[in-house]
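Here's what Swiss-Prot has on this protein:
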type: CARBOHYD; residues: N98; note: N-linked glycosylation site
type: CARBOHYD; residues: N151; note: N-linked glycosylation site
type: CARBOHYD; residues: N156; note: N-linked glycosylation site
type: DOMAIN; residues: 168-273; note: domain 'Cadherin'
type: CARBOHYD; residues: N199; note: N-linked glycosylation site
type: CARBOHYD; residues: N378; note: N-linked glycosylation site
type: CARBOHYD; residues: N395; note: N-linked glycosylation site
type: CARBOHYD; residues: N449; note: N-linked glycosylation site
type: CARBOHYD; residues: N469; note: N-linked glycosylation site
type: CARBOHYD; residues: N555; note: N-linked glycosylation site
type: TRANSMEM; residues: 638-658; note: transmembrane segment
type: MOD_RES; residues: Y688; note: phosphotyrosine
type: MOD_RES; residues: Y807; note: phosphotyrosine
type: MOD_RES; residues: Y810; note: phosphotyrosine
type: MOD_RES; residues: Y827; note: phosphotyrosine
type: MOD_RES; residues: Y901; note: phosphotyrosine
type: MOD_RES; residues: Y906; note: phosphotyrosine
type: MOD_RES; residues: Y982; note: phosphotyrosine
type: MOD_RES; residues: Y1016; note: phosphotyrosine
type: MOD_RES; residues: Y1030; note: phosphotyrosine
type: MOD_RES; residues: Y1063; note: phosphotyrosine
type: MOD_RES; residues: Y1091; note: phosphotyrosine
type: MOD_RES; residues: Y1097; note: phosphotyrosine
Amino acid sequence: MAKARSGAAGLGLKLFLLLPLLGEAPLGLYFSRDAYWERLYVDQPAGTPLLYVHALRDAPGEVPSFRLGQYLYGVYRTRLHENDWIHIDSGTGLLYLNQSLDHSSWEQLSIRNGGFPLLTVFLQVFLGSTAQREGECHWPGCARVYFSFINDTFPNCSSFKARDLCTPETGVSFRIRENRPPGTFYQFRMLPVQFLCPNISVKYKLLEGDGLPFRCDPDCLEVSTRWALDRELQEKYVLEAECAVAGPGANKEKVAVSFPVTVYDEDDSPPTFSGGVGTASAVVEFKRKEGTVVATLQVFDADVVPASGELVRRYTSTLLSGDSWAQQTFRVEHTPNETLVQSNNNSVRATMHNYKLVLNRSLSISESRVLQLVVLVNDSDFQGPGSGVLFLHFNVSVLPVTLNLPMAYSFPVNRRARRYAQIGKVCVENCQEFSGVSIQYKLQPSSTNCSALGVVTSTEDTSGTLYVNDTEALRRPECTELQYTVVATDRQTRRQTQASLVVTVEGTYIAEEVGCPKSCAVNKRRPECEECGGLGSPTGRCEWRQGDGKGITRNFSTCSPSTRTCPDGHCDALESRDINICPQDCLRGPIVGGHERGERQGIKAGYGICNCFPDEKKCFCEPEDSQGPLCDELCRTVITAAVLFSFIISVLLSTFCIHRYHKHAHKPPIASAEMTFCRPAQGFPISYSSSGTRRPSLDSMENQVSVDSFKIPEDPKWEFPRKNLVLGKTLGEGEFGKVVKATAFRLKGRAGYTTVAVKMLKENASQSELRDLLSEFNLLKQVNHPHVIKLYGACSQDGPLLLIVEYAKYGSLRGFLRDSRKIGPAYVSSGGSRNSSSLDHPDERVLTMGDLISFAWQISRGMQYLAEMKLVHRDLAARNILVAEGRKMKISDFGLSRDVYEEDSYVKKSKGRIPVKWMAIESLFDHIYTTQSDVWSFGVLLWEIVTLGGNPYPGIPPERLFNLLKTGHRMERPDNCSEEMYRLMLQCWKQEPDKRPVFADISKDLEKMMVKSRDYLDLAASTPSDSLLYDDGLSEEETPLVDCNSAPLPRSLPSTWIENKLYGMSDPNWPGESPVPLTRADGTSTGFPRYANDSVYANWMVSPSAAKLMDTFDS
């Protein structure tokens, strides 16, 4: 009896322990949907059926039991109201309205929703006594039912459309587990419509249902499965149904309804060997680095990839080995990949598991072993028949590595090679395949005197790169062959091997061009790239890589030390030693313009031309300036014909003019349009015809007459009434001319008075000076540019000739810059606020570097305009640039009255004078003046601007300057001058004119500098303390203006005629020819016009008849 009692007690305890399990049995049931949708209306009657929720069985015999959550929630899971409006039949899953809702119910929910109109609420439906708590709803044991509240009464039944009666507003989809008993998962009927509109008939028919595992009951319209589904056969179904709607007195309508069914997977397929292969063999030899994959085996599983959280628990892989060395050296990595397989013409998801045998540590080159490794794979959740365990076999052989070098290496090297130039590579056998092996290379020179190379080890391919380490040794004549011993050492085992190396030195050393940058990447244009060298250049010259011009591309245009190695998208061990070698691959700074950055550094792809400034740690990728040919062959033919026709017309017109000239009386000639600053030192002025031959001007054929008797033709377009002009104080004067400040009444139709400047001759001026003034008058009538001094008019009748030009408030640029130094070093940063005085008087604020660049840019724009007009200035300098209000630059000095704002600069002595320190080298030696010689002068002008009006070549007399320029000497970079600005100066001072930039390119470069300029110029720091730079007591105002002898200069004189003639200097070592390869007048023409008259506007003297004709054209 006691035993019976104790047995009964034990049974009771077991039953007590099983009670929770029995209570949880309905949890095997699951909802066929995770969300349901329905509408609720105001005054909808109580008892209205809303919808059915369905549960499917996980095992036979399970009976569903439904319950609702306690509260209604807002869409943001806000608890709004206790649920007493909607009830559910726990057995059938039917939800119905427990009470009618009115407008107050709507308002009550809206108030609890924070005053916002409420549109949607949801409640939770649970299966049985699920352990999920209120507010925690997760499929498959819980589903949400969303209700859209409509603040209106139920619509009239006749207003419904057929689709609204057939299917819910939101689509429906279903989830059914495989291998589960069949059951009902949906009911077609729209219950509220059926309840409130009984006269409307809605019937459904499942299409093509015979071949599918689904059926629809024609009476209750319930959709259920016919048999258990198998996901491995078909994973997705799309059911099609036909809905027929019929109402009283209405035609029958049919609507197609579709809804998807997804079959959920369970682990019912065992793992198998992919392709039936369960063994892999591997050899470990050159790849010995930790993480190296030794071998891979694949395992196929027809089930889907488990969730990441389940993967580690479900699939386990264990390395079975009693060898501790193997356990430490190898590990197994498991990676599942989803794949698709075909089953009954359907694509079904499956899983391919990759098991990789990986080195857990790096192996030395001396390690040698042979072993077999077994890996156990276990699918722990497998529920089907058979086994979920597999054994993978790996046969591994670890072989030792022997270091060997070739018998000997031989490379050439150019004597002009720059430092870090790559000469070649050394590499032990199979080094390209090495991984995890660390090799160090060293060079042992046979002679220390001729040791010019170094070696650096590449971390990528374990090779050694030979490079130039000492350029001085390469230049020694005795160093014709460099001999070394290459030693390769394994860092871990210290094993070594060696080979001989012979390097032959070739070529002849040529000195570097003056002003070349340290890095080839700085150069943006091909000519300056190929004439300079840079770090890493094997030939001593940079190489230009021309891009394909196809948008942002890896093949962008750039300047490189060697296109074989740079840029290649990879910053190697040698390039990383100095950023100047190949910043295109190694720069980590910002890249401006269209580009694609490399993974860690450099430019992967760029747009147009990419150039870099390593010192500033910036690169720029910008469109190429040069475009494709604008004119094809037909176009060129038409232009040639037009030019030929124009030439014939010109010849006929010239013949007619000459004939009229000899037929009629002489009239005063029209002055030259050349911007001359000093007549050629000859007995009479020389003019050049379009053919380039000399002919005497009218000065040599006419007697000298007084200025007063010189009759000037009136030009009605430009004539200004003399009585309306009131002259004021003198602004500046020379020996024969002066400029005064004046006011003009009703100038150009303006009301009131306008402040102007008036140019005029002094009483002692001759006809030659008058011709100069007339020359400037005729020239200014033809130019119109915001940065060229503007002509307003002239008083040419009934008195001396007066030219009325634009008034420049601040005088010459040189004086303006020097006065700015008196403001003092105080300045405000870009982030600070300016004081009130600088805001009221913006022209008086302290200069910034951006202002100085803006001055240079304005002048370059004006010179670009003059160059396009085929005009040569010949005296471009800061003293001849005027500063108008608003700090606007005005190019001036086109004739006699040049530099009258700088009183003592051009005071004419007994002889003419020329500005030596501003003149191009070909102008000094060959008396040749072109637009490119103006570019040279512009470079000196840049130097004046940056130094705030400093004197060029301070302390250097002109007689020394000639030899210095011939030997390549150029002014050094001022302290406050940026590298980019100084490079532009050096480009302007190129010895060959055709290698200097044109003004259009100069303007573009200055525009970019203006964009990048941000800092204010510190006048205290930027003003040099050297008194030579600004001391006028050294007569620098006179020194640069060299006297021109009045005697004729025969073209047979040597190129140093200025030195010999002016200073009586001679030197037997001076060359007899000019250092500039320019052709003289008796040879072939140069690439640029020698004077302005070689182009459109000429220094030509015309006959009176032709002058009259030109006056007619002008007016």
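Quick reminder: no glycine exception, Cβ is built from N, Cα and C everywhere.
These numbers come from a predicted model, not from an experiment.
Overlay of Swiss-Prot annotations on the structure.
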{"residue": "N98", "record": "N-linked glycosylation site", "DSSP class": "coil"}
{"residue": "N151", "record": "N-linked glycosylation site", "DSSP class": "strand"}
{"residue": "N199", "record": "N-linked glycosylation site", "DSSP class": "coil"}
{"residue": "N378", "record": "N-linked glycosylation site", "DSSP class": "strand"}
{"residue": "N395", "record": "N-linked glycosylation site", "DSSP class": "strand"}
{"residue": "N449", "record": "N-linked glycosylation site", "DSSP class": "coil"}
{"residue": "N555", "record": "N-linked glycosylation site", "DSSP class": "coil"}
{"residue": "Y807", "record": "phosphotyrosine", "DSSP class": "coil"}
{"residue": "Y982", "record": "phosphotyrosine", "DSSP class": "helix"}
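Mapped onto DSSP classes, the domain 'Cadherin' (168-273) shows 6 helix, 46 strand, 54 coil. Across the structure, Y807 (phosphotyrosine) and Y982 (phosphotyrosine) place their CA atoms 32 angstrom apart. All chains included, 14 other C-beta atoms sit within 10 angstroms of the C-beta of N555 (N-linked glycosylation site). Spatially, by CA atoms, the recorded positions N378, N555, Y982 include one closest to N199 (N-linked glycosylation site), and that is N378. With a 10 A radius on its CB, N199 (N-linked glycosylation site) counts 11 other CB atoms from all the protein chains. Each of the modified residues Y807, Y810, Y982 was ranked by the number of other C-beta atoms within 10 Å, and first place falls to Y807. Cα of N395 (N-linked glycosylation site) to Cα of N378 (N-linked glycosylation site): a span of 21 Å. In sequence order, Y315, T316, S317, T318, G388, V389 are the residues near N378 (N-linked glycosylation site), counting only same-chain partners six or more apart with C-beta under 8 A.
Figure note: comparing Cβ neighbours within 10 Å for the glycosylation sites N156, N469, the maximum is reached by N469.
The distance from the Cα of Y810 (phosphotyrosine) to the Cα of N156 (N-linked glycosylation site) comes to 88 Å.
Comparing Cβ neighbour counts within 10 Å across the glycosylation sites N98, N151, N395, N449, the minimum falls on N449. It is 22 Å from the Cα atom of N156 (N-linked glycosylation site) to that of N98 (N-linked glycosylation site).
Rounded to the nearest whole angstrom, the C-alpha distance between N469 (N-linked glycosylation site) and N449 (N-linked glycosylation site) is 13. Between N449 (N-linked glycosylation site) and N98 (N-linked glycosylation site), the C-alpha separation comes to 107 Å.
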